[in-house]
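Participant: Here TrEMBL flags GLY10, ALA11, GLY12, LYS13, GLY14, THR15, ARG127, GLY172 as ATP binding site. The region 'NMP' feature in TrEMBL is assigned to 30-59. Look at TrEMBL and you will find THR31, ARG36, GLU57, TYR58, VAL59, GLY85, TYR86, PRO87, ARG88, GLN92, ARG133, ARG144 tagged as AMP binding site.
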Amino acid sequence: MRLILMGPPGAGKGTQARVVAEHFGVPAISTGDIFRANVSQGTALGVEAKRYMDAGEYVPDDVTNRMVRDRIDEPDAAPGFLLDGYPRTLDQVEELDGMIAHTGHSLDAAVVLTVDPEELVQRLLQRAQTDGRTDDTEDVIRRRQEVYAEQTEPLIGVYRERGILVELDGMGEVSAVTQRIFDALDVIPQS
Ligand code: AMP
């Protein structure tokens, strides 16, 4: 199974990604988590990424694409993967197409979680108090929503045209959203 999970910041991607990946027996690959791990280890990649993350901007495509390519090449991703937070730009869509074509497979589904904008901000402000992420301040949260609308929302149309878009309601209990994802994906033929 080769899946991507999309949705605005606060839609619950990370939470759902872990459960859904486990259900399908594939690794959940979160670009945000890999960047944060690099930031906390103080690597060159982390130093570069932090500037963008703290401003609510996207890390440049060449840096992000290279990082994902390396991760997907690891043996545990050979049977499939769930990408959480990638691709986020049209350039990344193209790069991912190339990476998958190279393996002789194709993307099975692009899941998008939709959540009311005000609910998103509330969820992120709440997360700010529990997780202490440096990009969960109100200004940065709003900037991240704008960047998502400008750069990532257009990807929804791309995957809809390909016939692999699965648009789901991300509101309500975490377990109810998980069930919606399972119900939608369990009937999809895997490549
Ligand atoms: P996330 O944990 O998915 O909210 O990502 C946190 C931050 O990491 C984002 O606001 C971006 O600065 C950066 N990031 C994560 N994924 C990507 C991506 N696919 N392209 C560019 N930047 C990304």
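Residue 1 is the first one shown; counting continues down the chain.
Every residue, even glycine, has its Cβ placed from backbone N, Cα and C.
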Participant: Looking only at the region 'NMP' (30-59), how are its residues distributed among DSSP helix, strand and coil?
Facilitator: 23 helix, 1 strand, 6 coil
Participant: Taking the Cα atoms as reference points, how far is GLY14 (ATP binding site) from THR31 (AMP binding site) in Å?
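Facilitator: About 10 Å separates the two Cα atoms.
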Participant: Taking each of the binding-site residues LYS13, ARG88, ARG127 in turn and counting other Cβ atoms within 10 Å of its Cβ, which one has the fewest?
Facilitator: ARG127
Participant: Any of the binding-site residues GLY12, THR31, VAL59, TYR86, ARG88 with a C-beta atom under 6 A from ligand 1? Give them in order, or none.
Facilitator: THR31, VAL59, TYR86, ARG88
Participant: Among all the protein chains here, how many other CB atoms are within 10 A of the CB of TYR86 (AMP binding site)?
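Facilitator: For TYR86 (AMP binding site), the 10 Å Cβ neighbour count is 24.
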Participant: Let me make sure I understand the span of the ATP site: among GLY10, ALA11, GLY12, LYS13, GLY14, THR15, ARG127, GLY172, what is the greatest distance between any two Cα atoms, in Å?
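Facilitator: If we measure all Cα pairs in GLY10, ALA11, GLY12, LYS13, GLY14, THR15, ARG127, GLY172, the largest is 16 Å.
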Participant: Cα distance, ARG133 (AMP binding site) to GLY10 (ATP binding site), nearest Å?
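Facilitator: Answer for this pair: 12 Å between alpha carbons.
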Participant: In terms of DSSP three-state secondary structure, what is the assignment for THR15 (ATP binding site)?
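Facilitator: In the DSSP reduction, THR15 (ATP binding site) maps to helix.
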Participant: Including all protein chains displayed, how many Cβ atoms other than that of VAL59 (AMP binding site) lie within 10 Å of its Cβ?
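Facilitator: The answer is 19.
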Participant: Write out the long-range same-chain contacts of THR31 (AMP binding site), meaning residues 6 or more apart in sequence whose Cβ is under 8 Å from its Cβ.
Facilitator: THR64, MET67, VAL68, LEU83, ASP84, GLY85, TYR86, ARG88
Participant: Measure from the Cα of LYS13 (ATP binding site) to the Cα of every one of the binding-site residues GLU57, VAL59, ARG133, then give the nearest.
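Facilitator: For LYS13 (ATP binding site), the closest Cα among GLU57, VAL59, ARG133 is found at ARG133.
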